[in-house]
Amino acid sequence: MSASSRWAGAAGIAAALVAVALGLAACLLGPSNAVPESGGGWSLDADPSAALIVALTFGMVGFGTAGVCLGLLAVRRGWLPSPRMLLYGGLLAALAFALAPVAGSTDVQSYALYGRMLLLGHDPYQTVPQLLIDLRDPVAAYAPQAWRQTPSVYGPVSNWLFAGAAWLGGTSMFAVVSVLKLAAAGAFAVVAVLLHRMAEGPAAKVRAHLLWTCNPLMLWACAAGAHNDVFGAAFMVAAFAVFFRASRHTPMWAAGMYAGALIGLAGGVKAPFFIAGVGLAWVARRSLPTLAGLLGGVLATGLGCYLMAGPRAFEVLLDKSQDASPTNPWRYLPRWGIDTTHSQMNQLGYLAAAVIVAALLWKLTPAATRQGQAARFAFAVCAAVLIASPVQHPWYDPLIFPLLALAPRTRIDGLMQIRLAVGSLGFLPGVPQFRGDPWPDPMPFVRDPVNNWWTSAALGMIMCFAVIMVVIPERTARRGSEKKDSTGKTGVLTASGG
């Protein structure tokens with residue numbers, strides 16, 4: 001291990017610590033443009049300015065991204081800190097964020113409202129939070145403006161989890177949000193521990209913790225913001241653990257069935273998690289009993305929970321498939337005079353996803369183990385869909401980062417972190433209409449995401465660059481290897497993650 005790798009690793013850890021400190025500071029300052037009011041809790045209640053909150057949250061993204069990228073670079077060059085210390089440090093940071101006020105968006109408050117509605121006997125797919133406001137329900141006293149007229153857009157398992165939190169939290173928005181935050185931190189910890197156990201070798205464990213456990217942007221989305229995607233990630237990684245770490249005495253069809261059931265629950269949290277099952281199906285393709293067990297498990301829990309929720313749950317899936325977010329990578333096209341509808345954006349997304357899947361599967365590092373093969377295949381498909389999708393939110397990335405952590409090292413590890421950073425900047429600080437104040441004039445680039453054309457353009461460029469990074473270097477390597485072959489001095493090089 002060289003001195004430069006040690007310095008890079010130390011600098012990465014220091015930058016990540018600074019990022020966590022900045023994020024916690026934004027939370028602890030109290031209600032602001034990053035922290036919605038929830039009617040309780042403890043904070044400094046300092047009434048921070050929008051400029052300060054922007055500086056803290058943007059600084060968190062900058063330092064966090066630098067920390068992860070420096071750490072990945074150092075590991076590539078031989079740096080090998082204690083994986084267990086990284087695990088403990090990340091879990092401690094997750095606990096700190098879980099105990100701090102919610103930050104980054106008002107989504108978790110909408111979770112509380114949907115859970116309260118379901119607990120009171122109302123169908124969250126058929127009714128909207130405004131109903132609770134009209135009924136003068138105490139939880140609705142802090143209903144975010146953005147969600148009052150919107151029925152639940154989440155999977156049935158998510159709504160059931162929200163209802164459980166509402167039952168535990170009672171009639172206090174703060175209590176329900178606190179339960180959800182602790183549950184989200186617990187799910188984050190489950191993923192971290194499973195990645196620690198499943199990663200193959202010390203260097204792989206360190207890489208996994210850099211991408212997930214000690215990643216400040218993952219901590220912000222999963223622990224500070226308590227986005228429900230972390231529950232899907234926990235079920236997904238548990239499915240991989242059950243499938244590849246099953247006892248020798250467990251029949252493979254049974255391991256497949258258990259894993260499929262967990263993938264079904266993950267998809268019941270949010271439908272895109274169903275896609276992760278393709279990785280398991282790929283490695284099980286030569287064993288009909290295993291494949292049948294896997295499919296049966298997915299249908300039993302995944303399809304079963306949607307059937308239990310009723311036809312409106314399927315309508316939500318169709319509606320979301322035609323949606324487009326303000327920061328989607330296709331939104332810059334009208335600026336070039338190319339008019340596109342949401343439907344056309346989705347068609348472009350599907351086409352681009354097919355190209356990216358082909359590139360990633362063609363060129364990503366081949367895996368030596370079945371677990372690595374499954375993670376590599378699932379990551380390629382999920383990442384392609386997510387990168388090219390017209391629906392872009394940074395908290396969707398818990399779908400791909402655990403898979404990336406389990407897959408062999410790739411050239412695009414750092415690029416995925418940069419993409420997450422760009423997407424995060426497009427939605428920070430997270431509560432733009434706090435107290436009805438517009439953003440200060442000196443910060444025109446930090447407005448409502450609808451105006452953040454630069455985010456859409458950057459995500460589009462990253463989408464293209466991901467394909468270039470994967471394909472071009474490999475072609476260069478292959479040409480070099482073929483040249484050596486002609487001299488008879490060496491064999492054909494295999495694809496390398498670099």
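Glycine residues also receive a Cβ, built from the backbone N, Cα and C atoms like all the rest.
The feature region 'Disordered' is assigned by TrEMBL to 479-498.
Annotation source TrEMBL lists transmembrane segment at 50-73 (among others).
The transmembrane segment annotation in TrEMBL covers 85-104 (among others). Residues 20, 23-24, 26-28, 30-31, 34-36, 38, 41, 43, 57, 177, 181-182, 184-185, 188-189, 192-193, 196, 205-206, 209-210, 212-216, 219-226, 427-430 of the same chain lie 6+ residues outside the transmembrane segment (85-104) yet bring a C-beta within less than 8 angstroms of a C-beta in it.
The transmembrane segment feature in TrEMBL is assigned to 173-196 (among others).
For the transmembrane segment (217-244), the residues of the chain that approach it from at least six positions outside its boundaries are 20, 23, 27, 60-61, 64-65, 68, 90, 93-95, 97-98, 100, 102-105, 107-108, 111, 154, 157-158, 161-162, 177, 180-181, 183-185, 187-188, 190-191, 194-195, 197-198, 211, 255-256, 258-260, 262-263, 265-267, 269-270, 272-273, 276-277, 279-280, 370-371, 374-375, 394-399, 401-403, 406, 417, 420-421, 424, 430, judged by C-beta separation under 8 angstroms. TrEMBL lists 217-244 (among others) with the feature transmembrane segment.
Under the heading transmembrane segment, TrEMBL lists 256-284 (among others). A Cβ distance under 8 Å defines the sequence-distant neighbours of the transmembrane segment (256-284), meaning residues of its chain 6+ beyond its ends; these are 154-158, 161, 228-229, 231-233, 235-236, 238-240, 242-243, 246, 290-306, 317, 320, 370, 373-379, 381-382, 385-386, 396, 399, 403.
Summarising the annotation, TrEMBL assigns transmembrane segment to 291-309 (among others).
Annotation source TrEMBL lists transmembrane segment at 348-365 (among others).
If you look up TrEMBL, you'll see 377-396 (among others) marked as transmembrane segment.
Sequence annotations record features per position, and here TrEMBL assigns transmembrane segment to 453-472 (among others).
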